[in-house]
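Copied over from TrEMBL:
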type	residues	note
DOMAIN	B:70-259	domain 'ABC transmembrane type-1'
TRANSMEM	B:9-30	transmembrane segment
TRANSMEM	B:69-93	transmembrane segment
TRANSMEM	B:105-126	transmembrane segment
TRANSMEM	B:138-159	transmembrane segment
TRANSMEM	B:238-259	transmembrane segment
Amino acid sequence: MIKQHPTIKSTLIAFAYLAPMLIITLVFNIYPIFKSFAMSFYTKYDFFTDKVSALGWANYKFIFSDPDFYLSVRNTMIFVLGVVPFSVLLSLIIALLLHRVRFLAGLFKTAYFLPFVTSTVAISLVWQWIYNDQYGLLNAFLSHFGVHPIDWLNDPHWAMPALIIMTIWKGLGFNIILFLVGLSNIDKRYDQVAQIDGANAWQRFIHVTLPLLSPMTFLVSVTSVISGFKVFDEIFVLFGGSPGPGKSTLTIVFYLYQKFYSEWKYGIAAASGVVLFLLILVVTIIQFWYSRKHVHYA
Amino acid sequence: MTKKRISQALLIIILTLGAITMLVPFIWMLSTALKTAPETVKVPPTWIPKHMQWQNFVTAWHAAPFLTYFINSLIVTTVTTIGQLFTTILAAFAFSRLNFYGKNFLFALFLSTMMVPGEMLIIPNFVTLSKFSLINTYGALIIPWLASFFAVFTLRQTFNAIPNELYYAAKLDGSSDWHFLWTMMVPLSKSAITAIGILEVIGSWNSFMWPLIVTNTAKVRTLPVGLNAFTSDAGTQFQLLMAASTFVILPMIIVYLCLQKYIIAGISKSGLKG
């Protein structure tokens with residue numbers, strides 16, 4: 001830096017550069033954070049005039065006595081637990097294979113990543129058709145193994161698995177790319193040294209590759225958990241605007257959407273948003289805490 | 001050596017099977033889009049349509065105002081991306097090269113806001129935009145997305161990697177900050193800026209929840225929202241639904257296939273975007 005210390009002049013210049021970004025983020029990112037917290041306490045609120053005539057804990061009392069809200073938290077947890085471990089494991093395996101293959105690696109990457117760039121709405125419609133109980137591809141395929149047709153999207157037991165399978169499919173490519181970056185950052189000499197010491201391929205994988213890859217495994221897990229908590233588009237389209245048969249795929253964001261957009265209960269919707277934020281925060285902190293013990297930064 | 005060859009062959013077989021599984025939904029979409037209505041419900045399903053029904057695409061295109069949706073998506077994506085790149089480049093430059101009071105505070109403030117889920121901000125942002133009477137306009141679709149701290153954060157890292165000596169030399173030559181930014185920093189960071197831009201194009205084109213909430217007429221609907229509305233009109237005409245899905249997906253597949261290396265490099269560098 002030429003000038004080590006800021007001056008009033010340098011500050012004014014810098015803020016001229018920052019202004020466009022600053023104005024937008026203040027209005028649409030920072031102010032709404034505080035406003036969300038505030039709105040979650042609005043118990044009498046006129047949206048048209050933005051006038052608040054009563055404040056209190058009623059919105060929180062409402063959601064914590066609403067069975068639908070508990071259901072949405074439960075479903076969100078099931079969704080995250082259904083998607084993240086499989087997605088992380090599967091993308092790790094594919095990345096390890098891709099890292100070793102010497103031909104066609106580029107072509108494979110293109111195929112695995114393709115779902116990630118496609119519109120969730122369009123691709124959910126395609127899956128809706130694949131899951132069709134009478135004419136869908138999946139049931140036709142399963143019938144070769146003697147499986148009776150499953151009503152994936154209308155049976156409350158199968159709606160969540162159907163949603164989970166599609167989500168894993170769509171997000172796989174993104175995680176694979178991250179794992180490939182992690183793998184290419186590992187110094188080959190560690191592996192060579194272990195090989196000289198007589199470690200076999202499995203031992204080298206468990207004791208060398210996996211620990212050195214752990215920061216990336218951690219990053220992939222954290223981002224997958226966070227995006228899992230925010231699932232909405234897939235559900236909305238897959239189940240035609242409904243939260244699944246018997247509310248079996250009602251998630252927190254879907255709950256928020258319903259309260260806000262269908263029922264116009266802004267305070268309750270805001271309170272559920274705050275709970276979503278706190279849940280993500282707590283889960284992320286737990287992951288960071290866990291990582292301090294188990295993630296090895298080389 | 002033969003052992004290595006066998007393991008390579010095995011790898012390729014496994015990866016090919018996996019890749020086919022990943023591509024099946026796309027192939028199935030195209031296959032259905034080209035069938036006649038009776039053929040779509042044939043049991044067992046056929047992969048290659050007996051007679052290619054190319055006119056399904058024309059029928060689907062005219063069955064809903066897809067041209068309007070397409071133009072809306074094009075406008076929203078283009079303006080959002082260019083606008084966001086502009087605010088990002090300026091802010092990243094300030095954070096990377098300029099000294100000012102409150103720099104660390106602002107940076108920390110922005111970093112901490114990245115933890116907040118965007119879904120939580122939908123309600124107050126909706127209220128703000130209604131106050132400005134912007135609901136159901138391009139403004140509501142574009143303005144909130146004109147800045148992204150995530151993008152600033154990524155670009156700042158690229159800017160930081162440019163040697164300070166270049167900056168000193170330019171200063172000695174009497175070049176202004178503004179001139180230096182646009183003639184040196186931006187061209188030198190071309191691939192990072194392209195990556196940020198493409199990720200924003202993809203995100204903006206595919207975005208659903210926000211456009212769904214802030215639009216209520218066909219006039220300003222974007223493609224994903226329009227496609228979702230079309231599902232109730234199309235009913236069980238799967239060939240039309242799949243044809244419509246195809247032309248919503250196709251532009252991003254083309255963008256991806258042409259600019260793949262930038263997208264993957266962008267994700268590799270920044271890691272997060274979720």
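The backbone N, Cα and C atoms fix where each Cβ goes, and this holds for glycine too.
Using the rule of three or more Cβ pairs under 8 Å, pairs at least 6 apart in sequence, the transmembrane segment (B:105-126) is not in contact with the transmembrane segment (B:69-93).
The list of residues near the transmembrane segment (B:238-259) in space but at least 6 beyond its ends in sequence, with Cβ under 8 angstroms from a Cβ of it, reads 26, 29-30, 32-37, 40-41, 53, 56-57, 59-61, 63-64, 66, 70, 194, 198, 201-202, 205-206, 223-224, 227, 230-231. Counting only same-chain residues 6+ beyond the ends of the transmembrane segment (B:138-159), those with a CB under 8 A from a CB of the stretch are 72, 75-76, 79-80, 83-85, 87-89, 91-93, 95-97, 110-111, 113-114, 125, 129, 132, 185, 189, 192-193, 196, 200, 204, 210-211, 214-215, 220, 222, 266, 269-270, 272-273. Taking Cβ pairs closer than 8 Å, the transmembrane segment (B:9-30) reaches residues 47, 242, 245-246, 249 in its own chain, all 6 or more past its ends.
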